Amino acid sequence: MFHHCPTDVLKACTAMGSVFHWVTAVHILTFLQMPNLITGQFKIIPPQNPVIAIIGEGVVLPCQLTTQNNPETITVQWILSRHSEKIDVSTYDGPNKERQDERYHGRTQFFQTEFQAGNVSLNLKNVIVSDKGKYTCSVSLGTWYDEVVVELDVTARGGESSIFMEDYADQGIGLTCRSEGWFPEPQVLWLDSKGQNRPEKPTTINTKTRAGIYNIESAINIEPGSDNEVSCKIINNILKTASESRVLISDVFFPTTSPWMAAFLVILFLSIALIAAVGYKLKKNNDTTSQSVTEKKTMEEEKERLLSTLETNKRTDQIAIQDIQENIDRLSGELEFRRAQSYAVPITLDPDCKHPELKLSEDQKRVWQEPASPELDAASGALLVMGKEGFVAGRQYWEVEVGEKLDWELGVLSQSARDRVKREKAEKLPEEGYWSLKRSQGDFFSSIKNDKIEKKDMPYKVIGVFLDQEEGRISFYDAGHMFLITTIPAEFTNNILYYPFLSPRNNTGKQKPLAIHPIRVPIPLKPLRKEK
């Protein structure tokens with residue numbers, strides 16, 4: 001026996017069943033579409049071009065998600081693929097869980113505060129040659145994963161090129177163009193006054209340093225009668241930049257037109273003729289046995305006179321040769337100084353790395369001591385200030401004006417020694433990791449075994465410092481008189497920064513401050529044409 005529901009009850013039952021089935025269907029469809037929603041929601045934007053980085057500077061390897069408001073459970077990994085090797089450069093796996101390969105320790109950093117905005121880029125500091133390659137940025141977010149390849153190309157601008165006159169070759173002049181700090185190997189061009197390639201064939205040698213960058217030396221022989229305006233142009237094809245030096249050679253420098261050459265040939269000819277005459281007369285005297293005693297005596301007197309003349313000329317020539325040698329030595333010293341000065345770099349003093357009693361000028365080029373007042377405790381730490389600029393490779397030169405001061409110290413600190421002095425506030429410099437020239441009560445001393453250096457009777461007002469990491473040495477010059485004071489051998493470590501430092505050494509009162517001395521650079525010729 002069947003009982004029928006009333007019509008209104010039946011309609012209500014039917015409506016409830018329809019709602020239940022509709023809600024269930026919506027949940028099922030949402031669950032089935034979740035992978036597609038997640039996959040479509042997150043995506044890494046690939047970079048359009050390779051990233052170019054300057055050696056010694058920093059660069060950002062871009063990796064950007066298309067979405068924002070990302071959860072904190074994101075995992076980011078940067079891997080460098082180089083030849084058959086894969087290097088896990090840096091990995092982020094949650095707050096306080098950042099890992100780095102030892103070769104990148106202290107050189108990589110994530111922008112964690114920008115993860116919510118989808119920025120998972122990597123900041124790479126102090127770029128070196130071996131950083132070149134293809135980096136993979138991989139991102140994991142729950143079950144979702146994506147990756148993109150970022151290509152990093154590294155380069156170095158290189159220093160200013162300089163042209164030197166080396167020697168004479170046949171009837172021409174040998175010129176050499178030098179420049180340091182290039183990567184990759186640049187293009188070297190020798191041009192004439194019209195900006196065209198010169199007809200002479202140059203010889204170029206690119207020397208690879210321990211840091212992987214190149215030092216350039218190109219030689220060419222300029223013949224007399226050719227275009228006397230010479231330009232050496234070195235081109236970085238990645239940055240599309242160039243370094244160019246020009247010289248104008250006067251005809252007087254060519255051997256065939258040198259005025260002293262003619263005089264030298266005349267003197268040489270007369271000397272040969274004189275010696276030949278003496279030989280002829282001596283031979284005639286030996287062959288002629290019938291000459292009288294008077295003639296023989298006359299010949300002997302003439303012989304003695306000629307020999308005396310030759311001896312006098314010989315002594316005169318020796319004195320002239322000695323003077324020439326002294327001039328050559330002096331000019332060689334000046335050339336070495338000019339060569340060192342051609343590597344001049346700007347130096348500024350670091351207000352964050354100095355003793356509290358030292359004060360800096362607004363332009364951060366001068367330093368002097370102002371002792372703390374007696375009411376305050378004496379400040380601790382070595383009485384010195386360090387330079388902002390650190391140098392990882394190559395050659396650098398700077399000058400310090402010391403004036404009439406009888407007590408000061410200046411030189412170079414390694415990065416580890418610099419950090420130790422700053423962190424521990426040590427009263428003295430560490431035993432290792434620094435090289436300096438010190439003046440104490442007017443005498444000069446080297447930091448190597450505190451050796452005393454013989455000084456010349458002249459004022460030492462400006463000191464030049466030449467940091468040569470390629471040859472492993474630090475040289476100190478009297479920049480005013482262009483001569484070498486001393487050279488200290490040093491062992492430098494790859495990829496370690498080295499910083500300048502100055503110390504007034506308790507110079508109080510009205511004495512002038514130590515100052516970074518501006519270096520005058522010769523004004524180059526105007527370019528013959530504009531660079532595109």
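Including glycine, each Cβ sits where the backbone N, Cα and C put it.
Since we're looking at a predicted model, the values are computed, not measured.
Residues annotated as domain 'Ig-like' in TrEMBL: 35-155, 175-250. Under the heading transmembrane segment, TrEMBL lists 260-280. If you look up TrEMBL, you'll see 296-341 marked as coiled coil. Annotated domain 'B30.2/SPRY' per TrEMBL: 327-523, in sequence order.
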Could you tell me the mean pLDDT over the domain 'Ig-like' (175-250), as a whole number?
90
How do the residues of the domain 'Ig-like' (175-250) split into helix, strand and coil according to DSSP?
0 helix, 46 strand, 30 coil
For the domain 'Ig-like' (35-155), what are the DSSP-based totals of helix, strand and coil residues?
19 helix, 58 strand, 44 coil
